[in-house]
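The region 'Disordered' annotation in TrEMBL covers 32-56. According to TrEMBL, the domain 'Mandelate racemase/muconate lactonizing enzyme C-terminal' annotation covers 149-245. Residues or ranges marked as active site, proton donor by TrEMBL: K170. Annotation source TrEMBL lists Mg(2+) binding site at D199, E225, D259. For K282, the entry in TrEMBL reads active site, proton acceptor.
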Amino acid sequence: MRLRPFSLGLTSPLETARGAIDRREGFLVAVDPDADGESAPAPGLGEATPLPGWTESRSACETALRGVRTGRDGGDAALADDATLADDALSRLDPAETPAARHGLALALADATARDAGRSLSSRLARGEGLPAPAETVPVNATLGDGDPEAAVTAAESAVSAGFDCLKIKVGARSLDADVERLRAVRRAVGDGVALRADANGAWDRETAREAVERLAPLDLAYLEQPLPADDLAGAAALRSAKTGTGADADPPVPIALDESLAARGLDAVLDAGAADAVVLKPMALGGPDRALAAATRARAAGVEPVVTTTIDAVVARAAAVHVAAAVPDVAPCGLATGSLLESDLAADPCPVSDGAVAVPSGPGLAGSAFDGLP
Ligand SMILES: O=C(O)CCC(=O)c1ccccc1C(=O)O
Ligand SMILES: [Mg+2]
């Protein structure tokens, strides 16, 4: 296994209620089972891009990856086959402790396996979960950071003219009054035909969140993401049934999506608490593409809508997340149109955004030859 560190700036910082994201640093992970000269499967490429708050720190990620041994270094390993060695290595990375490190290696191994089979990553992932053939395109939302109402309207209008019909807007960084005014201005500017999502990144207490759903209900949000702190599942469950008016004036409740709560409490706790209408699945935070798709399947079975997104990953992990989303039948718009937020990237994007959707690379593996030459 080889690691190559990278550091990529954002074109402009993504302003959220938990501060600005202005740079993404991580590691490309290459596995080359043929490095020892035996006839062996294809090489594979992965990416580990930690984001504290969602994953381990960069140094914990690096330490975990450098501690992994995938090669034949004597002992019992000399007798084991490649697949056993790979499974052993992967099982030493705890998805709860070092999800980004596990993502990096799991993706590299899954890419190698898919290449070996001559199939795309999404079709291998779908097969592993007993799902039908994956989609060829995935609908995506535009991602708009915090800003004043004029900036929000300008960004929303340019996203809509670029073909997006679903916008996700960060809230919770300013007063509720200011956020309500911004979202009203955006709704007025884009009309009723565009789906709006708002993401508070855990900014509000219960009282503010309740007031927020009351005042936002007339704007017909597709959902409000993480209104309350990650730990507060009971609060989120109560918010789902909060009244949004009285009698004939009542608007339908605002659907609640949870994101940070998954890393803090786990998917099972979120589903058991009845805390979410939708869950935001970040493969980097969940410990790998395989685990993200398994989570999507479990959420669906519980009647909760899965949405796949990233931690603003570089192109390798973004393409992997596109494959995960493609394997979810009829997936809702996903947060995968973030390539343009990066100043530069590790390679040309094999999943370009067009008309509010991204193309799913046909393979083999992650993206055929698109990443040849990496790391
Ligand atoms: O979902 C999207 O549209 C993009 C991803 C995104 O918003 C995000 C990116 C990095 C860290 C956290 C988040 C988030 O969803 O809260
Ligand atoms: Mg979020």
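Numbers here mean position along the shown chain, with the first residue as 1.
The backbone N, Cα and C atoms fix where each Cβ goes, and this holds for glycine too.
Here the features listed in TrEMBL are placed on the structure.
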residue	record	Cβ neighbours (10 Å)
K170	active site, proton donor	24
D199	Mg(2+) binding site	27
E225	Mg(2+) binding site	30
D259	Mg(2+) binding site	25
K282	active site, proton acceptor	27
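In sequence order, K168, R197, A200, N201, L224, Q226, A257, L258, E260, V280 are the same-chain residues whose CB sits within 8 A of the CB centroid of D199, E225, D259, the residues recorded for Mg(2+) being left out.
Listed recorded positions: K170, D199, E225, D259, K282. Those with a CB atom under 6 Å from ligand 2: D199, E225, D259. E225 (Mg(2+) binding site) sits 9 Å from the residue listed as 'active site, proton donor', taking the C-alpha atoms as the reference points. Nearest Cα neighbour of the residue listed as 'active site, proton acceptor' among the listed recorded positions (K170, D199, D259): D259. For the domain 'Mandelate racemase/muconate lactonizing enzyme C-terminal' (149-245), residue counts in helix, strand and coil come to 50 helix, 13 strand, 34 coil, using DSSP. Looking at the residue listed as 'active site, proton donor' and D199 (Mg(2+) binding site), their Cα atoms lie 5 Å from each other. Ligand 1 lies under 6 Å from the Cβ of D199, out of the recorded positions K170, D199, K282.
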